[in-house]
Amino acid sequence: RDLPEIRDDVFQVANSGAYPPFSYVNTQGELVGFDVDIAEALAKKMGVDVNIQSSPWNGIIAALAGGRFDACICSMSVTEERQKAVDFTDPYYSAGLSVWVQESTDDISSIDDLSGKQVGSTLGETGNQWAVENGEGKWRNQTFQGLPDMMNALTTGRVDAMIADDVPVLVAMQDNALAIKMIDVGELPRWPAAISIQKNKPELKEALNAALAEIKADGTYQDIVDKWIGKGANIE
Amino acid sequence: MDFDLMVEVTPLLIRAAWVTIDISSRAIFFGFFVACGLVFLQTFRFAPIRWFARGYISVVRGTPYFVQLLLVFYGGPSLGLRLDPVTCGVVVGAFNIGAYMSEAIRGSIESVDKGQSEAARSLGFGKAHTMVSIVLPQAASLMIRSVGVLAIVLVKNSSLVSIISVVELTYQAQRLIGSTYKPLEIFTLSALMYIVIIYAVMGIIELAYRRATRYTTQ
Amino acid sequence: MVEVRNVHKRFGDLEVLKGINLTVNRGKIISIIGPSGSGKSTLLRSVNQLEVIDEGAILLDGVQVNRPDMKGLAFERHINNIRQNMGMVFQHFNLFPHLSTIDNVTLAPRKLKGMDKKTARELGMEQLERVGLAEKADVFPNWLSGGQKQRVAIARALAMKPKVMLFDEATSALDPELVEEVNRVMRSLADEHMTMLIVTHEMSFARDVSDWALFMDGGVVVEECTPDKLFSNPDQERTRNFLQKHLDNNH
Amino acid sequence: MVEVRNVHKRFGDLEVLKGINLTVNRGKIISIIGPSGSGKSTLLRSVNQLEVIDEGAILLDGVQVNRPDMKGLAFERHINNIRQNMGMVFQHFNLFPHLSTIDNVTLAPRKLKGMDKKTARELGMEQLERVGLAEKADVFPNWLSGGQKQRVAIARALAMKPKVMLFDEATSALDPELVEEVNRVMRSLADEHMTMLIVTHEMSFARDVSDWALFMDGGVVVEECTPDKLFSNPDQERTRNFLQKHLDNNH
Amino acid sequence: MEFDFTPVITYFPTLLKGVGVASLVAIVVAFMSIVGGLIVAVISIYTNKVVSWPLRFFIWLFMTTPLLLQLYFLYFGLGEWVLIPAIVVGILGLGFHYMAYNAEIFIATIKSVSGGQYEASRSLGFGHWNTILYIIVPQALIRSIPQLGNNMILMVKDTSVLSAIGVAELVYASQYAISVSFRPFEFFIVIAMMYYVINILMELGQAWLERQTAYRR
Ligand SMILES: Nc1ncnc2c1ncn2[C@@H]1O[C@H](COP(=O)(O)OP(=O)(O)OP(=O)(O)O)[C@@H](O)[C@H]1O
Ligand SMILES: Nc1ncnc2c1ncn2[C@@H]1O[C@H](COP(=O)(O)OP(=O)(O)OP(=O)(O)O)[C@@H](O)[C@H]1O
Ligand SMILES: [Mg+2]
Ligand SMILES: [Mg+2]
């Protein structure tokens, strides 16, 4: 659906609901997070009613392609291949990959040290794609359905290292005393995260981009960053 | 274990468990009728009807449940079939489990001694009547157990309905783990709820089985 | 009246019935004897179409029973009607194990003739008394002795008050007293114009009860005549050999 | 030698055997006759402990068969040994439907006596020939006629070369020629010192084949004597009534 | 919706590898669950409570909880003490799961074999366990074929749950490909077809078995 139809109805937005602090269900059962607030702020600017729902990662693309949602505001990284299938708006933040190991690990300090190791990454993240494409013949990859599973695997020693977006892990470490550490492996690729919408919906894309610019300009955006990521954090 | 957390999330999980119960019980109920229909179609003399039933069973059993869900949910609207996610879960669940149940019923019927239906037929009972009065009561013991297994399978597989964004027990648990990083506590809770649901199903199966086999143990 | 005309039946390569002809008039009792494996059970099962025959015709009171021209539901209705008029007692009894004795007997009258429970029970008890099993009415088949099962099977078939009865080894599990009793029952049924086809191995029973006797071997009728003639002075060599013992005894 | 001493057996409230005594010497054939439901099958089943008796003792060659003192595995071993020496032919045959005829016959010798396949097949064919069924060796029981099934059941029991054979209605599905044949087989087995207990409804067969005859009614032995005496001039009124027809015929 | 199957072609080798892994798991699990289910059924019917109860409880646990949770517990829960490889965890979980289901079927079919069969075998001198082995179980197996076929067809598709613990079976392979290419329906259609081919093979096998045993009932 393009913008006119959405105006007559509600703006259907999806996220995975299992990716704190971007989107998750708190213990009151409410869907909250950075992505949720961004979605609400954008909808307000666009002047549409919004309905934000969660859908598991493995079904979220199908849901978008199948027309159940109009947009995924779900921390989705932009890649070339994905652009063939969906349209992305301007980025709304950028995510960086990082490598994590158990606190007691001392034999991994660079990408090369990962050779022969078991390396985890989560399905759907760009870290997963990066690890699979670069790990060929070097390390063994294991894909997890979500960050909690993967962190579990790391702390129980099922994987020697994990590659993940840095923000969620850092936030998770604040809330839970996890015995893991980030290692500095030099520059890893960063990907911009953007809102994905169905292909060929020019008006919607336009409106989202305009709204995004507006919330960045009027400070709403930074408020949301302060609230969820950390005071003064810069993730643009 | 973080018991405070467990207490806190229990109401959420119970609500999700209710979705699971709702979807599964309706799917099992309608699925049984789908199964009976399929068994019935296979008794037709007109071959294309039989082929249709066999083909249906083959395709439905042969392809994954979550693919069926996605195809019906997203492909349906283009054929004018617009279902809300829960209804879609019930409908696809019923048509899916129905195919399995029909095979279970067929197998149970075939395990009854042929002499029994011959005896009934020789008294003048028609095919359908023979089935209802003579064959089914004797097939019941095997049927109840094998259809019961499938009911249990359906309850468990109802977690796949989350792929069309229904928040049922497993998905709710996963979402909560995603935010709390407490897998042990939350999985334990959801496991307990599954145990209660499925234990109830097993209880019904056992009762029905006892009733159906009264005559052999008397 | 039952007529069997040139009936052929094959199981795969094995031709079990090779052109059987036979006529049983109303109210008559006909015995079929013959060695094991000669096709007696198959013939009886063909008469009420439990075995579909490959060739030939079977008629009940002039109505053709096998109808290769009829299909599906039409044939269903036709054959069910016919079978309600044709009782069968199986060599292996085939009692319904999930029903008590009385329910075994009354199921068909209740469901097929719409008889109410009470009338059906009365009728059933009457039939059970006839075969001396009234006190086993509420017992399940698994608890019955061999002879008791066989008698329940007879009562079950009789409860439908058929025009024709087919007995496959109707007395094999019965003691002499009961055989006598069954003989008496059959006679009284014949008087009520019931037609009966009996496969039996008990030659003296066959001789006593039947109006006509038939000797089968290898899927053909070797000889048919009155039982007295068959058991005292058969024409065929094969029959003579088969009945040797009985001929010896009774001459 | 088989001894049955004061055997009692109840099914719930129903006392089916009320103190049976009976002795069968080695190489002898004893017939048990009696009305339906009198407990004949139950007695035979008690002899090899398919029914656990409530009172009394059963002995095979002086060894007690029922051992209320023995439990679990010890009894298992004991009874399996005994049963290998005691063949049984059931009223309902109970052939194994998942095995071909020859496998039905050879399963026990192969698995219990460790006979190799070839020898077992030879033995099996020999037994099948004895009952005239060699050509049905590779056929499954469901394809057999009633008499054929019964003969396979006999062959199966004989293949274990038991010391004692228990026949429950061993000839009920057999035609006169085959009865004659079975009679002959039994005689030859008796000459090889096999002991036999036969429950039968065919009085002439009982008379021909057996060395001793026994009349049971209502769970007690009413009378026992030589078959000639029993069938011509029994002492008891009850026996006389039961055998009326046969006494009439043969006097 | 427009379809574009080019990504499917790119990832086809990965998908095929996934089919290989799924088949391997399925074959091992089929064997384990049928043999195990039979043993469980026999033990729970024929032995006393002391012997059968612990086993039945164990099976009950697998019956009442979802496979996914079991895999998590086995994989992460046990992870504190022993590290069982994911594929082994998967095979054990699936195996025990279907063992429980198959046991349900066997309990019913074993009980449906008539008492006369047991007696006939015992009267030949076969012991209790030999009778079960040579007479009861073969007949029960024949009667179980349609239901077992059902369970095994279900099981093949349940191998996809193993993706949750990183076993690279078919669905796992497709999920990765989807997350890269964003072409869900194309991949789902293709893996549905791959499963269907496996299913047809299984149905042919089942039909063959049913034909072979039809006259042995
Ligand atoms: N399992 C059982 N439970 C209850 N009663 C039984 C059981 N088996 C047999 N009976 C009863 O015990 C009595 C004796 O049965 P049994 O089979 O020994 O008779 P029988 O002398 O062999 O008769 P027949 O000549 O008809 O075979 C019958 O009245 C029968 O109903
Ligand atoms: N379903 C079947 N498939 C193949 N052969 C069969 C089938 N039923 C019967 N037969 C064969 O047909 C022949 C005739 O069988 P039938 O049962 O009619 O004999 P019968 O005369 O009744 O013998 P009996 O006196 O022993 O009962 C036998 O040789 C038997 O093996
Ligand atoms: Mg016959
Ligand atoms: Mg008896």
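Glycine is treated like the rest: Cβ placed from N, Cα and C.
Keep in mind that TrEMBL annotations are predicted by a computer and have not been checked by a curator.
Per TrEMBL, domain 'ABC transmembrane type-1' is recorded for E:19-206.
Tertiary neighbourhood of the transmembrane segment (E:20-45): same-chain residues 51-52, 55-56, 59, 87, 90-91, 94-103, 105-107, 110-111, 132, 137, 141, 148, 151-152, 155-156, 159-160, 162, 167-170, 198, selected by CB-CB distance under 8 Å and a gap of 6+ residues from either end. What TrEMBL records for E:20-45 (among others) is transmembrane segment.
Non-local neighbours of the transmembrane segment (E:57-75) in the same chain are 40, 84, 86, 89-90, 92-94, 96-97, 99-101, 103-104, 158, 161-162, 164-165; each lies 6+ residues outside the stretch with a CB under 8 Å from one of its CB atoms. The transmembrane segment feature in TrEMBL is assigned to E:57-75 (among others).
What TrEMBL records for E:81-101 (among others) is transmembrane segment. Remote same-chain partners of the transmembrane segment (E:81-101), defined as residues 6 or more beyond its termini with a Cβ less than 8 Å from a stretch Cβ, comprise 21, 25, 28-30, 32-33, 36-37, 40, 58-60, 62-63, 67, 70-71, 74-75, 151-152, 155, 158-159, 161-162, 165-167.
If you look up TrEMBL, you'll see E:161-182 (among others) marked as transmembrane segment.
Sequence annotations record features per position, and here TrEMBL assigns transmembrane segment to E:188-209 (among others).
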Residues of the same chain, at least six outside the transmembrane segment (E:188-209), with any C-beta under 8 angstroms of its C-beta?
5, 8, 15, 18-19, 22-23, 26, 145-146, 149, 152-153, 156-157, 170-171, 174
